[in-house]
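> In case it's useful when we look at the structure, here is the feature table from TrEMBL:
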type	residues	note
TRANSMEM	B:34-57	transmembrane segment
TRANSMEM	B:64-96	transmembrane segment
TRANSMEM	B:116-134	transmembrane segment
TRANSMEM	B:155-173	transmembrane segment
TRANSMEM	B:179-195	transmembrane segment
TRANSMEM	B:202-219	transmembrane segment
TRANSMEM	B:225-242	transmembrane segment
């Protein structure tokens, strides 16, 4: 194992464990203050969006809004599937099938 | 039992072992269907590790030590894009996992009665799915550390084993990226995002994050657009929550 990679993994492990244990120590008796709860509530939505949208709109590092952008087309299919089924497995499988088909067609 | 009426002296007593063992297997049994649904993600995690150039040991030890799907996918995406800055990856991990703070905070009143070492061990297994399971258990019966441990151990073993299997299977897929398999990550994240879009603040958080992320990806170096977009969007969402709750 490369030292550089191991350091990153160890850092991630400590950061993750901190998020899991810190509040058990901090809020042993009381609860989370309201303002913090409101702010933290939207962190998952924000971070998920910031990862998905550039991956679909800039798959090669430049903005690509054309119909030849397979990531954008398959992304729309995945979004509709996720909305209709609320099912993680169905979204991934259908999205990947469309993606593989588009890659095969545009080969 | 662990009723609210126990005396102070009993509050810090060790949990009875038989109680832990029986509830442990209840936890394992109840979490089995959900744990099995995690297998495809573990496999993807293993394949991704291989794709971005991590070794078997590196990929599996990330699952063993970090045990946080989203953070692992994202850090591997960053490593794959050539970003090996320690601080950037660890900070991103911290931001992605900030939601654990809320989960921990809501469990704190129940877990406060347990001895500190047991709390520390149970905290390691706090993931979205085990959190959902234990909150459901609290709703229908009462909090049980044994049950929580059963869910945690089950999830952990399935996650690590499926990651290892993914690394082995990934070796049989020639150049996954050429086939668009990297799309698995946005598709997976999409399935986690859509159910969160349920009210006005969440719509706005999503729109702000999308705009800032695209602009940031175009004009900012590295992957800083993730953090900037996350801070901007969650602040907007939080502000709107405050507006609507004070208007009521």
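A Cβ is built for glycine as well, from the same backbone N, Cα and C atoms used for every other residue.
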> Cβ under 8 Å, sequence separation of at least 6 from the ends of the transmembrane segment (B:179-195): give me the contacting residues as numbers and ranges.
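Hits for the transmembrane segment (B:179-195): 41, 44, 47-48, 51, 70, 73, 77, 173, 206.
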> Hey, does the transmembrane segment (B:155-173) touch the transmembrane segment (B:202-219), meaning at least 3 C-beta pairs closer than 8 angstroms, sequence gap 6 or more?
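Contact absent: fewer than 3 Cβ pairs fall under 8 Å.
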> Out of B:34-57, B:64-96, B:225-242, which stretch has the largest tally of CB pairs under 8 angstroms to the transmembrane segment (B:155-173)?
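Stretch with maximum Cβ contacts: B:34-57.
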> Taking residues 6+ outside the transmembrane segment (B:225-242), which of them lie with a CB under 8 Å of any CB in it?
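For the transmembrane segment (B:225-242), the list is 74, 91-92, 95, 200-202, 204-206, 208-210, 212-213, 215-217.
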